[in-house]
Amino acid sequence: MDGQLLLALLLLLLGASGLRGQGPGGPEEEPPEEEEVPEEDGILVLNQRNLGLALRAHRTLLVQFYAPWCGHCKALAPEYNKAAALLAAESAEARLAKVDGPAEAELTKEFAVTEYPTLKFFRDGNRTHPEEYTGPKEADGMAEWLRRRVGPSAMRLADTEGAQALIDSRDVVVIGFFRDLQDEDVATFLALAQDALDMTFGLTDQPKLFEKFGVPKDTVVLFKKFDEGRADFPVDEELGLDQGDLSRFLLTHSMHLVTEFNSQTSPKIFSARILNHLLLFVNQTLAEHLELLEGFGEAAPPFRGQVLFVVVDVGASNAHVLQYFGLKAEEAPALRLINMETTKKYAPAGGGPLTAAAVATFCHAVLSGQVKPYLLSQDVPPDWDRRPVKTLVGKNFEQVAFDETKNVFVKFYAPWCTHCKAMAAAWEALAEKYKDHEDIVIAELDATANELEAFPVHGFPTLKYFPAGPGRKVIEYKSTRDVETFSKFLDNGGELPAEEPMAPFPPSRFRNIGGRWLHTALCPDLERDLPAADGLCRQQRQRAARLPREGRRPHGPRPACSSCLC
């Protein structure tokens, strides 16, 4: 009996184990495997479904939101691919990814993408607070930007040999000497090092390195293989290390005292945050011009941080720089100074030799306000007033624009500006319309070749109206650029008449079309007998009928037609 009972219990236990894992409908299904994120040229291709998976799989992820039709995106693509290859070759932790913005509207909305390309950096799966990418758009720069976020942005230096090896490895090396590496100043230093990609950074707390390099207190030292060789930035013991001040210091001292202008150096020249630029125009194929460079360099040290000394070779591809200063190549050697904030330009008086003393004297005179700026102007054309659109230049602008007997409407343009070209026909038509009005002048001025003392022109086209009468009044026009609106503006004395309020639509003429209230006046073709789920106007119905059947989406998003707002 005991044996039978034991056998029964054994069978019961085996039956229970066989049923384990079965639900009411039979054996449970295996959980679905997670979708693999597809790749193109080493770039992860993301969408709404797989973004979360990619963030979980990769601790650091740089994501580009692009549009297939975007020219800037197409230009970035080969550099983006190359950056991915560089990181893959070194088995870097960071990965690159991309999102087709127009096709993934939910993601562009989630991450507030308003333009293409937009790049965002995700760290540790954090989906809510990605960092905006502000680095360079070329492969090496993108890869270095990521390296400095994934790894340390500055190398920890423990001994003299390591420090000297780092200094010898690059033209510009920045080392932070800090007694306490847990200090807030160190965090400031490392944060700056993340984005200063054209410099190499190190840091140390070793007393023997303080002694070796003659550093008595917490200091950031810039070592360079040119000019002075070294520049020190002591940390303020009371205020600490200011990132903005340190950034300006490093940018100023990492540049050569004299920089040659070219496509490689121009970004750094314009970002130097030194307002005054002194330009020496020379032809570097001529020995007598090259001799001037020594004196030019001798004058530079006292003005470091105040004036940026720049050499422009007129024999290279710098015609646009010559044009901006109103110079011709045959006028070299020539000296010009420009204030980048006011865009005022200065030229030395007379034609004496360009010695170190002459250069220094000119700089002091400009900085102390003793030199008046000069203004570019073309010569007045003989037929400037014979066409309906009058031609103004710097030399005749004041006389015409501020004529108290005339209402003068002026277009300030650039010859290369596409918007200016687009409105040219309307401007000509406006001048033709008002050519017989004695008190109205329609004119234009090439603002790239003519400068005005009255005001600077920064954007193109800029339209300004100078009404008749005393007071030199100026009104900027900012409305639609067509003949009808221009005419209303002129006929109303330099302002647009207030629009008459539209009469309200009778409520009975509104229809709910696909969840949107539309008035039948906005789309006369709305069919009253359409079911609410369709809500298409006749023009959209006809368009849908021409689409391949698999391409129709009668109840989904549909393109707006030309005659309504649906």
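For all residues, glycine too, the Cβ spot is worked out from N, Cα and C.
What TrEMBL records for this protein:
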COMPBIAS  27-39  compositional bias 'Acidic residues'
DISULFID  C70-C73  disulfide bond
DISULFID  C417-C420  disulfide bond
DOMAIN    26-151  domain 'Thioredoxin'
DOMAIN    366-495  domain 'Thioredoxin'
REGION    20-39  region 'Disordered'
SIGNAL    1-21  signal peptide
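Reported as a whole number, the C-alpha separation between C417 (disulfide bond) and C73 (disulfide bond) equals 22 Å. Across the domain 'Thioredoxin' (366-495), DSSP helix (H, G, I), strand (E, B) and coil residues number 35 helix, 27 strand, 68 coil. All chains included, 21 other C-beta atoms sit within 10 angstroms of the C-beta of C420 (disulfide bond). Taking H, G and I as helix, E and B as strand and the rest as coil, DSSP gives the domain 'Thioredoxin' (26-151) the counts 44 helix, 29 strand, 53 coil. Cα to Cα, C73 (disulfide bond) and C420 (disulfide bond) are separated by 26 Å. Across the structure, C420 (disulfide bond) and C70 (disulfide bond) are spaced 23 Å apart at their Cα atoms. The number of other Cβ atoms within 10 Å of the Cβ belonging to C417 (disulfide bond), over all protein chains shown, comes to 15. Set side by side, the disulfide-bonded residues C70, C73 differ in how many other CB atoms lie within 10 angstroms of their CB, and the most is found at C73.
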